[in-house]
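Taken from Swiss-Prot, the feature (6S)-5,6,7,8-tetrahydrofolate binding site applies to Leu122, Gly126, His127, Leu128, Ser355, Pro356, Phe357, supported by sequence analysis. As annotated by Swiss-Prot, site 'Plays an important role in substrate specificity' applies to His229. Per Swiss-Prot, N6-(pyridoxal phosphate)lysine is recorded for Lys230.
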Amino acid sequence: MFSFEKNSLKNTDKEIFDAIELEVKRQHEHVELIASENYASPAVMEAQGSQLTNKYAEGYHGKRYYGGCEFVDIAEKLAIERAQQLFGVDYANVQPHSGSQANAAVYNAVLKPGDTVLGMDLGAGGHLTHGSKVNFSGKIYNSIQYGLDENGDIDYEQVAQLAKEHKPKMIIAGFSAFSGIINWQKFREIADSVDAVLMADIAHVAGLVAAGVYPNPFPYVDVATTTTHKTLRGPRGGLILCNNNPELAKKFQSAIFPGIQGGPLMHVIAAKAVAFKEALEPSFVDYQKQVLKNAKAMEKVLKQRGINIISGGTSNHLLLLDITNTGFSGKEAEAALGRANITVNKNSIPNDPRSPFVTSGLRIGSPAITTRGFKEKECELVANLLADVVFNCGDEKVENETAAKILDLCDKFPVYK
């Protein structure tokens, strides 16, 4: 028998307890600008840390291979219904363990090994699972990649030309480092011209889509996948969505289970349900509107400070910065900013001469700082401090002065009260 006091983490494993405490301290003392990170609510974390962790539930609600699933069925049913309501669709699979798992399931459902897939190049802002040669999507399938035009927008002419030439079975519209707006209708027209399945990967913008502040893909795409963290502020996990296509929905069900997963993570599914409930509140729309305002506020300052922004600016929550003119690499800038209590990630830019481990760019975003309560004023300050460091990487005085200012700002805006 366990005791919550005797068998607490602190009493059982002080090394892990201390590591977690250090991470809690880091999250409080650092400004989080990684575009794919956010802060989950106490309610989400409470659900994820619940005794649902203990329950095996292979299958789907109402059709399990184990007994004793009547209560976890409630959690999964709520998660599905809330996801459907949030995105206005009639099918949602809440079982994928991650966005990559959701993408893999879609591949398995609609393609055969060797089929051609057209997706955004990783160097242009795509994702590993969109056909990168180092990923399953580029190894099992014949991957063709599109990029950006000279203005930093998706090169739709190239997409159409590649589709006509290679006749892909599936086209992927989505990104991990693109700051523009996707024209879903153009992608639909191109997909229809070659009879391809159109998949949207909305992992980065799902919260914006749900709030109605980013174009809705569902009138145009056959299927959409997303993560449940990032702009949705839920637990780390995946989600598959589609509308008015029961035949495809049936394929997605079996592609997840028994296709690529066994038992679902019921504690995570419960946490997803909580996050979807939070996202259905009117305050979530206000939050997403502020996410966009804060990204634009940083864009304005960074342009004034002479930092080039790929695509010329941002129309969503993220910015991809070309820091070539600073004389420093993305790797150097990421480390310097870390010492100054600003967390970012180095990122390749289009036609980057440096390796992905070094890069010439940085990717930043506004979701986490907006959750923290930052408004435009604070975001302008952060952007100026970021520029100070990026132009002076390795300058101990600049880094220390910046860190002190960031600590003061963080104390005024705690992550959790």
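A Cβ is built for glycine as well, from the same backbone N, Cα and C atoms used for every other residue.
Annotated features, which come from Swiss-Prot, shown on the structure.
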| residue | record | Cβ contacts under 8 Å, 6 or more apart |
| --- | --- | --- |
| Leu122 | (6S)-5,6,7,8-tetrahydrofolate binding site | Leu128, His130, Ser132, Gln145, Ser348 |
| Gly126 | (6S)-5,6,7,8-tetrahydrofolate binding site | Gly119, Met120, Ser132, Gln145, Ile172, Gly174, Phe175, Ser176, Phe178 |
| His127 | (6S)-5,6,7,8-tetrahydrofolate binding site | Asn103, Met120, Gly174, Phe175, Ser176, Asp201, Ala203 |
| His229 | site 'Plays an important role in substrate specificity' | Ser36, Glu37, Asn38, Ala40, Pro235, Arg236, Gly237 |
| Lys230 | N6-(pyridoxal phosphate)lysine | Ala35, Ser36, Glu37, Asn38, Ala203, His204, Ala206, Gly207, Pro367 |
| Ser355 | (6S)-5,6,7,8-tetrahydrofolate binding site | none |
| Pro356 | (6S)-5,6,7,8-tetrahydrofolate binding site | Ser348 |
| Phe357 | (6S)-5,6,7,8-tetrahydrofolate binding site | Lys331 |
Assigned element (helix, strand, coil) containing Lys230 (N6-(pyridoxal phosphate)lysine), judged by DSSP: helix
For (6S)-5,6,7,8-tetrahydrofolate, whose listed binding residues are Leu122, Gly126, His127, Leu128, Ser355, Pro356, Phe357, the greatest C-alpha pairwise distance in Å: 17
Number of Cβ atoms other than its own within 10 Å, given for Leu128 ((6S)-5,6,7,8-tetrahydrofolate binding site): 16
